[in-house]
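Chemist: Once you've had a glance at the structure underneath, I'll fire off some questions.
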Amino acid sequence: MSSLGGGSQDAGGSSSSSTNGSGGSGSSGPKAGAADKSAVVAAATPASVADDTPPPERRNKSGIISEPLNKSLRRSRPLSHYSSFGSSGGSGGGSMMGGESADKATAAAAAASLLANGHDLAAAMAVDKSNPTSKHKSGAVASLLSKAERATELAAEGQLTLQQFAQSTEMLKRVVQEHLPLMSEAGAGLPDMEAVAGAEALNGQSDFPYLGAFPINPGLFIMTPAGVFLAESALHMAGLAEYPMQGELASAISSGKKKRKRCGMCAPCRRRINCEQCSSCRNRKTGHQICKFRKCEELKKKPSAALEKVMLPTGAAFRWFQ
């Protein structure tokens, strides 16, 4: 009985010990799990606390705080914080924050360099404005030289024009002295010339306003860069106009049988169209005969009439030119 009791006790002891061991192991298991959970929480707590802490203030060179304008963006977290778990998420968030800070630093450095370049450019422009280069100086000198040359050319042209005007005035005086009739006893001549000149000035403006006192047509003078010349044919016509019978008188004295010419100043001479009604126009057999309405009045007179000197008022011939 004693042996059986001892064996039962031993078995009970072993069972109790086994139960105690199992109980001990069971009790030690929850403790270890709690310790592991606390370690995980402790490991995760610093990361969350680090994320919740506000970022340090960043100031630029001027002392202005560079922070987001919206207050809700001050504690913003990267996307990796919500998509990844554990330490891998923490390390990814740290790398993202490091990349953002590096980008911000790079942008700040670029802005500073641009600002410095802008200051340098402004200083260079100020220097260019204050101190003009030799190219600008040479351009200004060239423009001044061109202006001076132009002024000298204008002065030379004005002097040449004045010389031509003086020459024309002298020639006019000489022509007037040669072709105007002398003062007669009856008082005809210069006063008559002044009266005719005044009447012409009232009727129309003269091409030469300074020479209105001279009854000489401006077409008699040819003005060229080389000088002022007098047209011989116009002067000859003007002389015949002033003394219409003097030319025929000279021709009659020199050669009595010389063919007479048309005066070119009367109304029949100025007519350019035949009437086609007179006998000369109807009879073509007498082709050498001119239209009766175009026959010169001076040619109708007898040759002996050419010896009579007829004086016309001074300046009357020049109405035909105008």
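Any Cβ shown, glycine's included, is placed from N, Cα and C.
Because the structure is a prediction, the values reported are computed rather than measured.
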Chemist: Of the ranges 53-58, 257-262, which one does Swiss-Prot flag as motif 'Nuclear localization signal'?
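Modeler: Within the set 53-58, 257-262, Swiss-Prot attaches motif 'Nuclear localization signal' to 257-262.
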Chemist: C291, C296: which one does Swiss-Prot list with C263, C266, C269 for the Zn(2+) 1 site?
Modeler: C296
Chemist: At the Cα level, what's the spacing in Å between C278 (Zn(2+) 2 binding site) and C296 (Zn(2+) 1 binding site), rounded?
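Modeler: The separation of the Cα atoms works out to 16 Å.
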Chemist: Including all protein chains displayed, how many Cβ atoms other than that of C263 (Zn(2+) 1 binding site) lie within 10 Å of its Cβ?
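Modeler: Around the Cβ of C263 (Zn(2+) 1 binding site), 19 other Cβ atoms lie within 10 Å.
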Chemist: Say you check the Cα of C275 (Zn(2+) 2 binding site) against those of the binding-site residues C263, C266, C296; which is nearest?
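Modeler: In terms of Cα distance, C275 (Zn(2+) 2 binding site) lies closest to C296.
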Chemist: Using Cα coordinates, what distance in whole Å links C296 (Zn(2+) 1 binding site) and C281 (Zn(2+) 2 binding site)?
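Modeler: The separation of the Cα atoms works out to 16 Å.
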Chemist: Out of the binding-site residues C263, C266, C269, give me the one sitting nearest to C291 (Zn(2+) 2 binding site) by CA distance.
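Modeler: Out of the listed candidates, the nearest Cα belongs to C269.
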Chemist: Rounded to a whole angstrom, what is the C-alpha distance between C266 (Zn(2+) 1 binding site) and C281 (Zn(2+) 2 binding site)?
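Modeler: Spelling it out, the Cα of C266 (Zn(2+) 1 binding site) and the Cα of C281 (Zn(2+) 2 binding site) are 20 Å apart.
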Chemist: Between the binding-site residues C275, C291, whose Cβ has more other Cβ atoms within 10 Å than any of the rest?
Modeler: C291
